[in-house]
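These come from Swiss-Prot:
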type     : residues               : note
BINDING  : HIS468, HIS470, CYS476 : Zn(2+) 2 binding site
DISULFID : CYS86-CYS247           : disulfide bond
DISULFID : CYS292-CYS305          : disulfide bond
DISULFID : CYS314-CYS323          : disulfide bond
DISULFID : CYS377-CYS398          : disulfide bond
CARBOHYD : ASN74                  : N-linked glycosylation site
CARBOHYD : ASN89                  : N-linked glycosylation site
CARBOHYD : ASN111                 : N-linked glycosylation site
CARBOHYD : ASN119                 : N-linked glycosylation site
CARBOHYD : ASN130                 : N-linked glycosylation site
CARBOHYD : ASN179                 : N-linked glycosylation site
CARBOHYD : ASN215                 : N-linked glycosylation site
CARBOHYD : ASN219                 : N-linked glycosylation site
CARBOHYD : ASN240                 : N-linked glycosylation site
CARBOHYD : ASN378                 : N-linked glycosylation site
CARBOHYD : ASN386                 : N-linked glycosylation site
CARBOHYD : ASN408                 : N-linked glycosylation site
LIPID    : GLY2                   : N-myristoyl glycine
TOPO_DOM : 467-507                : topological domain 'Cytoplasmic'
TRANSMEM : 18-32                  : transmembrane segment
TRANSMEM : 34-53                  : transmembrane segment
TRANSMEM : 446-466                : transmembrane segment
Amino acid sequence: MGQLVTLFQSIPEIIEEAVNIALIAVAIMCIVKGTVNLWKCGIVQLCIFLLLAGKRCDGFQIDRRHKLESVEFNLTRMFNNLPMSCSKNNTHHYYKGPEGTNWGIELTLTNESVANYSNMSAIRSLAYGNITNCDKTNEAGHTLKWLLNELHFNVLHVTRHIGARCLTTDSAGILIQYNLTVGDYGGEVGRHLIASLAQIIGDDKAAWVGKCFNNCSANGTCRLTNCEGYTHYNYLIIQNTTWENHCSYSPMSTIRMALNKVAYSSVSRKLLGFFTWDISDSSGRHVPGGYCLEQWALVWAGIKCFDNSVMAKCNKDHNEEFCDTMRLFDFNQNAIKTLQLNTENSINLLKRSINGLISDSLVIRNSLKQLARIPYCNYTKFWYVNDTITKRHSLPQCWLTYNGSYLNETHFRNDWLLESQQLYNDMLVKEYEERQGKTPIALTDICFWSLVYFTVSVFLQLVGIPSHRHIVGQGCPKPHRISRNGLCSCGYYNIPMKPVRWVRKGK
């Protein structure tokens, strides 16, 4: 301890010696370089891994500055004027009423009739929305009308409800029964009805789409293809029910129903343009420079912002599910909140807007992937690469779903590695453009040619170009300049034909 105190007391005297300063510099360099080498060798990372393995996961660290993160959207408020939809199992599907209601509509496949046909009247047509006799709840009429319209007009193009009857008793609520075995001159209506319902719901239901060809490969893997609307159930029952969180809500069913004839559409509509993107803080004040999602739009984390570079990619390319979702959020923020319309007008407006905001090709592509039992996008969770230093993000990509659960990060490892590399490239290009804009071209030229001059001078110095002649066996003749014959014009060297040689400067 005394030696340490003595060392600190003698620091001023030590620094005065140049040799001591050199030793201190060498010691610091060795310590720093040794620490860097120790970190690069991997022993520290191994110790950290052994301590935290199986106990903690801070996220997917791609490299020293890039990290794989995700954002999950809450779409319930966006579609608060539309019925919420979900499936409990192969036979029960539910539609919840708009926001602020506690009722719902239950769709059930069964082999047992719920009522005697003598107590029910036939539904002739929906051409004029004539279902008032079937709705005794005075609250679900519009939702029921919208549901039946979508099932029959927009998907099936069927104006007559073959085999459909409803209960008309007062205070009986809603009870509509379809006989799926009844046919018509145009084909089996029940089969088309099940096909359209499965298309809207979008779930892979063996009981709803059961007539398929089972294609098996050589390795034993089998896949159902060319599925048609078919079910072994005889009746489809539509009735009112209370909403008791029967199942988890998914926005895809609502989006599919709002998109008119999406399954048969082969030409994509022209998408509506974006609004002006800007950042809004937690209090709602707008700050130019990017786009922030409000708290209601996220499942977790209070607020999430994306910079202008991400939004610019959406404005340029309309081929990402994330861009579709951002259009819906932006429309909901700037249009729906300013409207004072009743439920029916709001639904019609939102349907028309969704048709111009959502890309047909993306929805069709994901629907086909879901039917083919390969990973697809459900428009709720997106992953992106975050630069922890500059806080820049890559364009979020959809986190694909398979068998009702999200894929593990390792399943799309190549994708986020490519996004990380692209983020690096974008950063380098941006820094280069900024540097070019701040540096005068003349100064850049001077710097370049001075570097060329320095490089040439170093090369010439290494080559060793001779500068004057010497007479062999004698000293340097300077300041005399000897000719190739060994003579000097002043007469000091006057004996001709002596051997001479070229010598570099200083020799």
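Glycine residues also receive a Cβ, built from the backbone N, Cα and C atoms like all the rest.
Note that the structure is predicted; figures quoted are calculated from it, not measured.
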What does DSSP call CYS398 (disulfide bond) in the simple three-state scheme?
strand
On the topological domain 'Cytoplasmic' (467-507), the mean of the pLDDT values is 78
Quick one: give me the count of other CB atoms within 10 A of the CB of CYS247 (disulfide bond).
14
Compare the C-alpha of ASN240 (N-linked glycosylation site) with the C-alpha of each of the recorded positions CYS323, ASN378, CYS398, ASN408, HIS468, and give the closest one.
ASN378
Whole-number answer please: how many Å between the C-alpha atoms of ASN386 (N-linked glycosylation site) and HIS470 (Zn(2+) 2 binding site)?
70
Which residue counts does DSSP yield for the topological domain 'Cytoplasmic' (467-507) in the helix, strand and coil classes, in that order?
0 helix, 10 strand, 31 coil
Look up ASN408 (N-linked glycosylation site) in the DSSP assignment and reduce it to helix, strand or coil.
coil
I'm trying to understand the geometry here, so how far is the Cα atom of CYS247 (disulfide bond) from the Cα atom of CYS476 (Zn(2+) 2 binding site), in Å to the nearest whole number?
102
